[in-house]
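A quick write-up on the structure given underneath.
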Amino acid sequence: MSFLMDSVIMFTSQVLFFGFGWLFFMRQLFKDYEVRQYVVQVVFSITFAFSCTMFELIIFEILGALETSSRYFHWKFNLYVILLVLIFVVPFYIGYFVVSNIRLLQRQKLLFACVVWFTFMYFFWKLGDPFPILSPKHGILSIEQLISRVGVIGVTLMALLSGFGAVNCPYTYMSYFLRNVTESDILALERRLLQTMDMIVSKKKRIAMTRRQMYQRGEDQNKQTGFWGMIKSVTSSPPGSENLSLIQQEVDALEELSRQLFLETVDLQATKERIEYSKTFQGKYFNFLGYFFSIYCVWKIFMATINIVFDRVGKTDPVTRGIEITVNYLGIQFDVKFWSQHISFILVGIIIVTSIRGLLITLTKFFYAISSSKSSNVIVLVLAQIMGMYFVSSVLLMRMSMPLEYRSIVTEVLGELQFNFYHRWFDVIFLVSALSSILFLYLAHKQAPEKHMTP
């Protein structure tokens, strides 16, 4: 009876997560597009629901909610479903919709979709060759073989996002990095934009007038010269056509310039708004957070470097280790085990909420940046793939943030994986991503004032 009640609780929560994923799809991702393929919406919502359920099971593990056998069953069931979706369903539909957008392959799109899926499976399986994740004890389609490969991709994505976020967050929040933008700078750039638009309009008028004159001149020549005039018009280009192509090239160059000026104007407006916002109480609060994140970023880069150089992986979770160091330093009586469990629960909860929120915000921005009416279905499925792999990898890495007694069932469910490898791999990619982001933001920050100083 208890297993049935536990299953009802899990099923109800999955329905709620599915509904939230459905609403997010409709209200955020597809609010500017017509939903033509409901299978995309269903696949995205299922991926979101089972991804969130894994985090729910981690919280239940710490709280001791549900029966141990029930939690183990739902861990296994959840992992098999999410792996089925990530390895079989989503890649197949990505291939199907990519092929559907190619006219030459319309008649055999199911066949070519299968070809795309088999290609994905080949490279997905070959991914295990250069990494120490394979285990000869398990079969080809065992859960360990699948999770290990999904984990490599997901941990790489997590490390890239974390490295960029650790650098970009203080850069975004701190007023120290803001350029000094005045109203006169914006007005000067807007004036240049308007002048460019006027030049485009005048040149397009010239093109229209020239084409009209060429058309009228051609009509007159056909009426006057008859058959020989037609032969001449075919063998020779009409007068003014060379000048017309030259003007069209100038228009194309001016339109590209106008696009750049428009983007620079929007950038200056946003910077000016950020300067005004930084003077408010909330802006000063985020400025303080920026300094805090700067210290965190430096510490994280330093620790990642230490872990890589000395091949080090923590044995205990950070909370327990931090409390032990503090208690030993202060020399006070303190129940480390009791409080580490509660603080770990709060920390894991914060990590879960911020991970889901941060990923959804990133996915929304990415979708609006590159989507179109034709590619939107493919992009949503790619985002679902990224989201699922990201959350599976979060469970792999979050295991280290849990006290030792709560790791056992997670370790048992995930199988005999090389957990230390994933932590070292995360440190390597995080360090590369963070240092690359520092270099990129430094060059962008240095180049921006020079760009706006040009007359």
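Using N, Cα and C of the backbone, Cβ positions are placed for all residues, glycine too.
According to Swiss-Prot, the feature transmembrane segment maps to 46-66 (among others).
Look at Swiss-Prot and you will find 79-99 (among others) tagged as transmembrane segment.
The list of residues near the transmembrane segment (111-131) in space but at least 6 beyond its ends in sequence, with Cβ under 8 angstroms from a Cβ of it, reads 87-88, 91-92, 94-96, 98-99, 105, 145, 148-149, 152-153, 421, 425. Feature annotation from Swiss-Prot assigns transmembrane segment to 111-131 (among others); the stated evidence is sequence analysis.
When Cβ-Cβ distances below 8 Å are used as the criterion, the transmembrane segment (150-170) is approached by residues 83, 86-87, 127-128, 131, 133, 290-291, 293-294, 296-297, 300-301, 358-359, 362, 386, 389-394, 396-397, 417, 422, 425-438, 441 of the same chain, each at least six residues removed from its ends. Feature annotation from Swiss-Prot assigns transmembrane segment to 150-170 (among others); the stated evidence is sequence analysis.
The N-linked glycosylation site annotation in Swiss-Prot covers Asn180 (among others), and the record cites sequence analysis as its basis. Sequence-distant neighbours of Asn180 (N-linked glycosylation site) (same chain, 6+ residues apart, CB-CB distance under 8 A): Ile275.
Among the features that Swiss-Prot reports, N-linked glycosylation site is placed at Asn243 (among others). When secondary structure is read from DSSP and collapsed to three states, Asn243 (N-linked glycosylation site) falls in the helix class. Sequence-distant neighbours of Asn243 (N-linked glycosylation site) (same chain, 6+ residues apart, CB-CB distance under 8 A): Thr210.
The annotation transmembrane segment is assigned in Swiss-Prot to 290-310 (among others).
The annotation transmembrane segment is assigned in Swiss-Prot to 343-363 (among others) on the grounds of sequence analysis.
The annotation transmembrane segment is assigned in Swiss-Prot to 378-398 (among others) on the grounds of sequence analysis.
Residues annotated as transmembrane segment in Swiss-Prot: 425-445 (among others).
Tertiary proximity for the transmembrane segment (425-445) is limited to same-chain residues at least six positions away from its ends with a CB under 8 Å from its CB atoms, namely 131, 152, 155-156, 158-164, 166-168, 171, 177, 297, 300-301, 304-305, 307-308, 397. In the three-state DSSP assignment, the secondary structure recorded for Asn180 (N-linked glycosylation site) is coil.
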